[in-house]
Amino acid sequence: MARWLLQILIISSLHLSSVSSQQETSFVYESFLDRQNLYLDKSAIVLPSGLLQLTNASEHQMGHAFHKKPIEFSSSGPLSFSTHFVCALVPKPGFEGGHGIVFVLSPSMDFTHAESTRYLGIFNASTNGSSSYHVLAVELDTIWNPDFKDIDHNHVGIDVNSPISVAIASASYYSDMKGSNESINLLSGNPIQVWVDYEGTLLNVSVAPLEVQKPTRPLLSHPINLTELFPNRSSLFAGFSAATGTAISDQYILWWSFSIDRGSLQRLDISKLPEVPHPRAPHKKVSTLIILLPVCLAILVLAVLAGLYFRRRRKYSEVSETWEKEFDAHRFSYRSLFKATKGFSKDEFLGKGGFGEVYRGNLPQGREIAVKRVSHNGDEGVKQFVAEVVSMRCLKHRNLVPLFGYCRRKRELLLVSEYMPNGSLDEHLFDDQKPVLSWSQRLVVVKGIASALWYLHTGADQVVLHRDVKASNIMLDAEFHGRLGDFGMARFHEHGGNAATTAAVGTVGYMAPELITMGASTGTDVYAFGVFMLEVTCGRRPVEPQLQVEKRHMIKWVCECWKKDSLLDATDPRLGGKFVAEEVEMVMKLGLLCSNIVPESRPTMEQVVLYLNKNLPLPDFSPYTLGIGTFAPVLVDASSLVVSSASWSLSGPSMSSSSPNHSPYAWQSTDQPWGQTIDTKNSLHIVAEPEKPSPAVKMVTLPAEDPQSNHSSISSQRVQPVKREKRRLHQILVAFPWINKQYFKLGLPKHIVHVSLFFFLQLARL
């Protein structure tokens with residue numbers, strides 16, 4: 001039994017000896033080269049000079065260094081300790097310093113959960129102020145953080161479980177000689193002494209420059225019960241932490257002494273301290289090169305700036321003449337449009353039309369705009385164009401795209417209008433990626449565009465001819481209401497006058513046959529609107545060459561469906577049959593009526609609006625009426641004259657009365673081969689397209705000037721076209737333009753006049 005008790009005593013004494021060897025009451029680091037008792041973490045390293053570097057000049061770092069052995073505090077008496085260390089905070093040139101250095105007393109050396117920057121490498125947002133987090137820290141902080149109640153960017157504080165200091169003061173020391181506190185710049189890069197003393201329940205903190213003795217008055221003195229803060233006082237670790245953020249610096253510990261007895265701290269020997277490294281700018285030698293280099297650089301910079309200035313000036317250059325001053329209120333600067341469209345970038349590109357590219361833009365006032373860039377080769381007609389653009393700006397109608405103004409550069413015009421968020425109508429008709437418009441939406445668009453054209457023809461101060469009515473020029477606003485836009489070809493003339501233009505411009509399929517000989521008129525707009533109505537209803541383009549012959553031309557195809565009493569078969573299949581049949585038939589018939597090749601048989605836009613709103617019944621006509629369902633394409637390059645090979649006969653009203661047509665005119669044609677082509681410079685195109693095979697002799701019924709007069713029937717065999725007669729016909733039309741302009745005095749449509757002249761030439765040849 002005694003032997004067994006002796007063994008227990010021996011083992012216990014060995015265990016106590018082991019614990020005593022692992023715990024210490026004091027230590028000193030005159031150099032940190034002996035790393036046996038050091039615990040280093042994160043960016044903390046020991047330099048060859050013996051300096052302990054906690055952080056280097058890198059962003060968002062933190063470093064920890066602890067004495068590896070726990071401190072042996074008394075388990076019964078009051079807790080006390082003293083520590084004295086020398087540190088240096090060296091900022092990187094041109095940067096603010098890091099977040100500072102902290103002396104730490106903690107039951108653990110593990111701070112992997114901590115955050116850098118303002119949390120100093122020992123705290124984080126979740127542990128901030130937690131009573132279960134047992135940490136005492138003395139901070140030398142060089143960043144002002146109002147969230148943590150910092151007083152400035154150069155202070156010393158006492159932290160308990162939180163980065164919010166329980167005691168804080170600007171870095172300074174008490175001078176007995178001056179009897180006042182002298183400030184210290186923590187980021188001076190010079191070594192600074194720090195003393196931390198705790199006895200009883202009072203914690204004192206002092207700082208001073210390296211050459212100054214410990215001040216007689218501490219900088220901070222605050223009561224703290226460390227017995228409550230550290231219930232397990234037998235296992236506490238002392239060390240340092242440092243952190244950086246976007247503010248960076250090198251943070252060093254040069255020397256460190258610690259003891260649980262205040263009087264047993266080892267004295268500092270300044271002569272043995274390692275030198276603190278300071279980053280310095282490279283030494284510059286004064287030489288001729290150094291003197292000339294700034295001069296050369298200055299000249300180069302001036303040259304570059306001058307080049308950029310002239311390039312920028314040329315980039316935003318505009319053309320402005322004296323006559324444009326009256327239009328200044330409607331003119332945009334190119335600079336503002338360039339910035340609004342982000343330099344006409346691809347991201348703002350909306351599309352490309354026949355007259356230019358369109359871009360989306362945002363003005364500084366928040367207004368969205370569409371900018372069309374139109375090229376022109378000279379100044380001829382520009383003044384008239386600008387004047388008409390400004391006049392268009394005065395047009396006010398809910399179904400017109402508002403035109404805000406213009407900008408003019410060399411060989412370029414820019415038209416500024418309101419941006420329509422839902423794009424153009426043709427995208428919703430032909431693009432499967434776009435949502436399908438219902439019939440009710442399409443009818444609203446048709447009615448709106450009809451109202452807009454009526455306004456342009458009769459409601460404005462001058463008659464406005466749009467000259468390019470088609471689905472791609474119809475824009476849809478946020479509510480999918482139709483807005484007529486793209487006035488790039490519009491022309492003005494006084495009410496009761498004629499449009500001062502003879503140029504045949506427009507889009508193939510929408511151009512009235514008389515456009516090339518008579519020029520633009522309200523009737524040519526009506527024709528294009530008729531094609532547009534059929535386009536919206538049928539969901540197809542006016543001419544689609546890839547289809548079968550009978551379906552190739554929309555106008556003819558719709559008329560053929562009407563002849564077969566199957567008009568609804570021509571409707572857009574994407575509607576899925578969801579429409580009002582009466583409305584669809586009315587719109588289709590009205591489209592055929594408006595696209596009649598006989599101009600006098602077309603309604604006015606005022607009548608069209610009344611028809612669409614059911615305020616006026618449609619006139620009595622059929623698919624066999626003269627000019628209904630006949631497609632007469634117009635070739636606008638005027639390089640040849642084309643007439644179909646056919647024979648014609650003239651008769652009086654007695655023949656027309658037996659015809660199913662209710663119009664006094666009947667024009668039948670054949671699907672015979674097209675007439676031969678003769679090349680003549682600046683000649684006009686007259687194209688007659690046959691409808692279906694028939695005998696060589698066909699008939700044209702003309703109105704009689706006198707109901708009592710008798711007209712003999714003139715018949716002939718098929719006569720082949722002859723180049724000479726075509727040339728003569730062209731020469732007659734060019735030499736006697738009054739035939740086109742005064743044809744109405746003869747009571748005959750101009751097409752009949754042209755065909756009659758041709759056949760009279762043929763008969764004369766025979």
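Backbone N, Cα and C define each Cβ position, glycine as well.
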- Note on the structure: Between Asn204, Asn422, the N-linked glycosylation site label in Swiss-Prot belongs to Asn204
- Task: Calculate the distance in Å between the alpha carbons (Cα) of Asn225 (N-linked glycosylation site) and Asn204 (N-linked glycosylation site), and round it to a whole number.
- Result: 13
- Message: Cα-Cα, whole number of Å: Asp468 (active site, proton acceptor) versus Leu350 (ATP binding site)?
- Response: 19
- Given Gly356 (ATP binding site) and Asn181 (N-linked glycosylation site), what distance in Å do their CA atoms have, once rounded to a whole number? 77
- Query: What kind of secondary structure is Asn225 (N-linked glycosylation site) part of, going by DSSP in three states?
  - Reply: coil
- Message: Need one number: mean pLDDT over the topological domain 'Extracellular' (22-289).
- Response: 88
- Item | Candidates Asn124, Asn225: member of the glycosylation sites with the richest Cβ shell (10 Å) | Asn124
- Judged by the number of other CB atoms within 10 angstroms, which among Leu350, Val358 is the least packed of the binding-site residues? Leu350
- Nearest-integer angstrom distance between the alpha carbons (Cα) of Asn181 (N-linked glycosylation site) and Leu350 (ATP binding site): 71
